[in-house]
Amino acid sequence: MDVLHFLSIGFSVALTPINLGLVLAGCFFGTLIGSLPGIGPINGVAILLPLAYSIGLPPESALIMLAGVYYGAEYGGRISSILLNVPGDAGAIMTTLDGYPMAKRGEGGRALALSAVSSFFGSMGALLLMVIFAPLLSRLAIEFGPSEYVWLMIFAFTCLATMVGKRPIKTIVGVVIGLLLATIGIDSGTGILRFTMGIPNLFDGVDFLVVVIGMFAISEVLILLESWARNDLKMTPVGKSFVSLSDMLAVKWVVLRSTLSGFLIGVLPGTGASIASAVAYGTEKRFAEGNNEHFGEGDIRGLAAPEAANNASAAGSMLPMLTLGIPGSGTTAILLGALLMFNITPGPLLFEQQPQIAWGLIASMFIGNIALLIMNLPLIGLFVRLLSIKQSYLVPIIVMLTFVGIYSIHGDSFDLFFMIGLGIFAFILRKLGFSLAPVILGLVLGEVLEENLRRALSISGGNWSILLNGTMTYILAIATVAALVAPKLIKKFKK
Amino acid sequence: MKAKIASLLLVGGLTAALNASAFEPNKPTCIAPAKPGGGFDLTCRILSTGFANAGLTDIPMAVTFMPGGVGAVAYNYINSTTPDDPNKLVAFSSGSLLNIAQGKFGQGLDENDARWVGTAGVDYGAIMVRADAPWNNLKELVDDIKKDPSKFVLGAGGGVGSQDWMKAAIVVKSAGVDPKKMRYVAYEGGGEASAALLGGHIKVYPGDVGEMKGLLEAGKIKVLGIMSPERLKGEFSKYPTAIEQGFDAEWTILRGYYLGPKVSDEAYNYWADQFKKAYNNPAFQKAVADQNLVPFTMSGPALESYIKERVGFMRGLAKEAGLIQ
């Protein structure tokens, strides 16, 4: 009953004309930002934050708009992933795996529509979970310690082990390259600089976005150029098909599972949309095995899973920020900074003392997601026309956008050279038949895994038994073993 | 013809001379050497909104971001690209100074490669434990640490050698325990570290006073000692300092701004003067208080010598802790 009362306070805030206008503006701007490669939700929120502050918006309005940018970007990220094989932001990497093959065979419209609907259900599902379980989940977020993170990462690696399973050796090599990249930078355990070669730009490690954009966008451009030079460039046919009920029904369990896992991973501080979508993709591939599975070749399940998960994680990451003052992702860290600028201290008391802020935000997210779905579906027709742009125009546009996007992160030309270098490296990898996703996942999962393993061991003083300590660790360990052996067992039973 | 050119040159020279004596900033910016939302961002916001509200600049100064190595990337950028640009103020913190002291700011760069010009304010370290922890003052905690230092887990938001680690090391040292024996867990930022404290993964968190307001108000944590030289004013006045409790544990987190090493004296003095004006202006003071900082008013050459002394002190600490030779 309490929840309903607070929600009604929230909607009374969110439905005022100014806040309604701001959530729509935020969502639209977010979709735009998300769809540009290199510029993700972090940049979008960072660009608008000073603006919101200087025009003197009340804190709840500013937060409503900035949050709109955040989840709007999670919608927008999928567009260039599907159409150009260039992830629009970090959470949309897995979307390229099945989205791009669909676009290539002329189903771009279908992929865009289905991913928009999956995103919508992912967000809405996560919001409902947030409203119902908020107090319980903020407990989970803090009880999740280093050992639990270690198991979660091992579980994620296990799920992904079969990714691109036809060439297991190449997948493993790809992951190892990613793991090696993850070791660059200051080692927090000892304070020693590792593999930085004295370059200050590498002291904090390689920037995740630079790697993603370098490897995906630059190598894609090189591949386009190569086929252009060979004159065997085929125009991608533009599909007409739109969202169909049968598609939606076919992925309903996929979306449900991915929403749940994406939300939970989003709630945990230190993990974000990229990990959430990777775990969802890997899990669904495991579930689909032996069941007419074409993951990596344009399977709609492989498209729906990461999109539902990355949107759910965006909603989930708001929860620890609001209830504990602990950011659940990079973007919420900026939102937290925004709250502090407005002299609002997020924390356990925020929901009681300033319900108009916390609940106004939650209510606005319901409205924003409906708006995003309505906004996105009619625009699909416009988006897919991107594919009919002549390559000689498209390539320079992609290059320009990526350069602007990457430069805007640090404002330093070092990143541009680094990005080009990585792009050439990725081009060679692709020519040799490697897939890029394992490299990126090795990088993002490896960093979290190493950090938490070292944390766990420094807590226990080097005693490995800390890894099996507490119910959550057992559950995650069992899930890992199950992910390893279950598909084989199922195959045996079927025989 | 010749005369015309000469007079032109003369006029040109005169205006140049006038410009030199009365430096006027041209689209000044504040560089926050980190991602948006963190402490450096807030430091720049104080300058940007504080100066604008105090009428020291016409419009709020633009804030740009240049993350990397607690300021190392920006330090190298200023030194290599625009060492004489008088319109670029860069935010720094004690964390940056500590890294300079350890030689982690790039090859051959030290505290002499910048002109330290003004401050935003200071924050202090605070030794915090969970609200239901068995210790009620620093002495009880330290006695427990002494019993078995290897079983005692401290954690904070920075790696070994960072200022969070330094705070932990100072506390442990004041208990007469070798900091190298300390069991320290490094987290990514204060948010993750306070989550670990609440979750019971670490027992003690030496964080900053300013960031803990929300959790303190909610009664989730308690402060055993504040690492300030004397008691704070206002809402934090009820917490005793570590020094009061007989422990030599002090850590001041200074936040301020520097200019490039080759910026002219005119420009440097201009900015130092602006800071002096700001320190006495209520609008700037409010901007400082809004970010939970305590006023600390030092500018120009006085600040320069203070910074150099601090870096020297930190170098000594780092040597003692075995971080540098």
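Positions of Cβ are set from backbone N, Cα and C atoms, glycine also.
Note on TrEMBL: of A:58-81, A:82-105, A:322-345, the range annotated with the feature transmembrane segment is A:322-345.
Long-range contacts of the transmembrane segment (A:172-193) within the same chain: residues 157, 160, 202-206, 211, 429, 434-447, 450-451, 454, 458, each at least 6 residues beyond the stretch ends and with a Cβ under 8 Å from a Cβ of the stretch. The stretches the transmembrane segment (A:357-380) and the transmembrane segment (A:112-137) are in mutual contact, each linked to the other by at least three Cβ pairs under 8 Å (pairs 6 or more apart in sequence). Among A:112-137, A:205-225, A:466-486, A:205-225 has the largest number of CB pairs under 8 A with the transmembrane segment (A:392-410).
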